[in-house]
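For reference, the structure discussed in these notes is given below.
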Amino acid sequence: MLRLLFIVRLLFLMPLASSRSNHSEEVENLLKLKSTFGETKSDDVFKTWTHRNSACEFAGIVCNSDGNVVEINLGSRSLINRDDDGRFTDLPFDSICDLKLLEKLVLGNNSLRGQIGTNLGKCNRLRYLDLGINNFSGEFPAIDSLQLLEFLSLNASGISGIFPWSSLKDLKRLSFLSVGDNRFGSHPFPREILNLTALQWVYLSNSSITGKIPEGIKNLVRLQNLELSDNQISGEIPKEIVQLKNLRQLEIYSNDLTGKLPLGFRNLTNLRNFDASNNSLEGDLSELRFLKNLVSLGMFENRLTGEIPKEFGDFKSLAALSLYRNQLTGKLPRRLGSWTAFKYIDVSENFLEGQIPPYMCKKGVMTHLLMLQNRFTGQFPESYAKCKTLIRLRVSNNSLSGMIPSGIWGLPNLQFLDLASNYFEGNLTGDIGNAKSLGSLDLSNNRFSGSLPFQISGANSLVSVNLRMNKFSGIVPESFGKLKELSSLILDQNNLSGAIPKSLGLCTSLVDLNFAGNSLSEEIPESLGSLKLLNSLNLSGNKLSGMIPVGLSALKLSLLDLSNNQLTGSVPESLVSGSFEGNSGLCSSKIRYLRPCPLGKPHSQGKRKHLSKVDMCFIVAAILALFFLFSYVIFKIRRDKLNKTVQKKNDWQVSSFRLLNFNEMEIIDEIKSENIIGRGGQGNVYKVSLRSGETLAVKHIWCPESSHESFRSSTAMLSDGNNRSNNGEFEAEVATLSNIKHINVVKLFCSITCEDSKLLVYEYMPNGSLWEQLHERRGEQEIGWRVRQALALGAAKGLEYLHHGLDRPVIHRDVKSSNILLDEEWRPRIADFGLAKIIQADSVQRDFSAPLVKGTLGYIAPEYAYTTKVNEKSDVYSFGVVLMELVTGKKPLETDFGENNDIVMWVWSVSKETNREMMMKLIDTSIEDEYKEDALKVLTIALLCTDKSPQARPFMKSVVSMLEKIEPSYNKNSGEASYGESANDEITKVV
């Protein structure tokens, strides 16, 4: 009996012992996973991961009722798979998959690296797998063994190469598939997924899909979300897509789709979000009139015709409508946007007519009302005067009329108000003073009248005011002088009277001032002479009297028009290039259409005094003759030696953007071959030393056809021949740089132009370029890592400013180390904007077509090879190359990289091996050992920047943020000074 009881007890304890053994193995497997991460900022996650606890007590672990691990959830924990020695290691999928009952594995939204490996296929109980938003490399393994898988998220995971679509064909339970935003090679739509009829969500955007959407898409009848944007999909939208009646979201924007919306598209009545923008679709929108559940509709930049369906006015969920740049006609539905929290409408650049719907801000959340360049008529609705959430209101170039509701002027969040080129009338009321966010006010070409409100000074964010071609009367308020940010004030062609406010001299940012065609009187205020940035001054067609202020002579104006006034006295010699017609009281010996200034009347004097004056005149004449003779001899010698004469000062036009303490002839005389400090595809750069001791850099823009031999004469150096082909490039650089003020962007003082030459005058950078310091002075001096890190961050901030800090983003198009200059304190400055492209402010699609490949070999982004559409991400790629130069010390093109390789391919090829030691070998040997860990972090950022896919590259804002987060290694465990020390301090220690 006792023996029987013993056997029964033994049989009872055996499963318990087995269970304890299994649980112990699970703990060991999880601790092996933990060891992969080493010391991490997410140590809190692993505090409970110790031998003292069971696996079920580990944070992020879920067990079943038997105590077996069924879920690992470590998503969004900032995890990096780097061991205690700092080496990157592959995740131990063999240990993970030894958890035999594991059903859910979530490691998404971390910073995991390395290859995923074939051991993943051993997790054959998995139902849910999320590895998305990481930095993995290499190809994804076949997962045909994961027959129970229902959820697969790999988007933006870093995987590349050929995706194993064939291994998905038998995953019949798969309902969620997200593999977009990865660097796959070009491939057609994966037909293997067309038989996975359980699919409800498919995200394949930005995954290099080419060709057509197959007819077999009709098989996925349970689909609720289909996203195929940012690919190279062509052909028509297949008619079979209308069978996907459960679709709630369809995004196919930024492809090459053509044709019309297929018949039967109306059957997709569950559709809430539909975006087919930036394609070449045609036809009308009639198929959409039955989709009453739409929340967001985007079809901008297509070739759509016909009317906007009136049924849109009854859609009770529609909150965003973007149809700009099509050929749509007819009227907008009156009740459009009245049923829900409508936020956004852009129907600009169509042929729409009728009245503006009045109820789009009924719920009080609307931010954008954009309807410019149509044929709208009628009054602007009163209802929008209460729309306090509006940020941009643009209805210019229509046929609208009537009065603007006074509340519009004072909307507190409005940044851009554009009512130009309509038939509006009435007053600009004092409510404008409440528009604290308003930066641009354009009321030009309307019928507004009344006086200008003095309260406008309350709108102290104003940068641009354009009220031209209206019927405003009365005086120009002195309160304009309080607008410190004002850059452009255009009031021409009105009925303004009185004096020009002296207070305008306080608007020190003014560049453009136009009061032409009014009835302004009295004298031109002397205070205008203090506007050192003023570039254009037009006061023509008024009743101004008195003399031209001497202070205007100091300004470097590209346009000065004082014609048709009542001015008297002589025209200052430095202003003779301006326009002064219609001023009978003006005189000048150098302006042919003005009478000569009188020399003075002779007075009756004694003979002796008369003779004395004659003698004096004779002496002065003799001195002048000798002077001119001497000058002629010197001039002839120089001409014989240099083969050309110096151009006359009056031939030059100077446009200044900052306070100048030099004149143009000081610059021109120094344009000599011996002063050349740089040569480029756009022209030479000269070092110019002024009499004041200041040093400047002058860039001479040349045309491609002109010869660039080593001339000796300053005039020969400036001779460009037929340079009309260069005007666009020169004007692009001036327009860009004149508006830029940033510590990490080179400062432009002025431009100097004449009929056959163009000069740009910059601040001089005494430490040359980053290229010179890295590649041409090795052996003489080595730049330490702290300096390199400071240079990387500073240059990134400069480029971030160009992309994100201006009203209109600027694409540099030639970012390279030789265009990053170093000032006397070793601060980096982005330079050379001859290739810059300013993107139009109101374009949502910010790509542009480049007629020719621009840039420098080794820095050119790969998308130039297959498209003419480039954007800021092309600059990001080039900046990534610069980061690689900083870390490796290598040039972008070197024989060490092998045939047909460059620095990007070289670094990427090593990074795919996921061997930390190999990555460390990429780092410049001159970088101190204690900083190599930080250098490796910067190299990781460089890899992100040089991703083959433009969409996968970060924006410069993100690049700056990542660089700022790199905590210097030397400061982690010591009391040394923080990274905030200037690079100049460090250069004295290292160089």
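Every residue gets a Cβ built from N, Cα and C, even glycine.
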- Of ASN427, ASN643, which one does Swiss-Prot label N-linked glycosylation site? ASN427
- Note on the structure: Swiss-Prot record, region 'Disordered', of the ranges 72-91, 572-591, 772-791, 972-991 the matching one is 972-991
- Candidates ASN267, ASN767; Swiss-Prot annotation N-linked glycosylation site sits on ASN267
- Task: Scan ASN109, ASN723 for the residue that Swiss-Prot records as N-linked glycosylation site.
- Result: ASN109
- Taking a Cβ cut-off under 8 Å, which residues six or more beyond the ends of the repeat 'LRR 1' (66-90) line up next to it in the same chain? 19, 22-23, 26, 30, 33, 35-42, 45, 54-56, 60, 96, 99-115, 117, 130, 914, 916-917, 919, 933
- Message: When secondary structure is assigned with DSSP, how many helix, strand and coil residues does the repeat 'LRR 15' (413-435) contain?
- Response: 5 helix, 8 strand, 10 coil
- Item | Residue numbers, six or more beyond the limits of the repeat 'LRR 14' (388-411), whose CB comes under 8 Å of its CB atoms | 348, 356, 361, 364-382, 417-426, 428-429, 431-435, 437, 442, 842
- Near the repeat 'LRR 9' (269-291), which residues from the same chain, at least 6 beyond its ends, have a CB less than 8 A from one of its CBs? 224, 229, 237, 245-263, 297-312, 315, 317, 322, 328, 845
- Item | Fewest other C-beta atoms within 10 angstroms, as judged across ILE677, VAL685, which are the binding-site residues | ILE677
- Spatial neighbours of the repeat 'LRR 19' (510-531) not adjacent in sequence (6+ beyond its ends, CB under 8 Å) are 468, 476, 486-504, 537-555, 561-562, 567, 657, 738
- Query: What counts of helix, strand and coil residues does DSSP assign across the repeat 'LRR 2' (99-123)?
  - Reply: 5 helix, 5 strand, 15 coil
- Taking a Cβ cut-off under 8 Å, which residues six or more beyond the ends of the repeat 'LRR 2' (99-123) line up next to it in the same chain? 26, 29-30, 62, 64, 68-81, 88-91, 93, 129-146, 148, 153, 158-159, 914
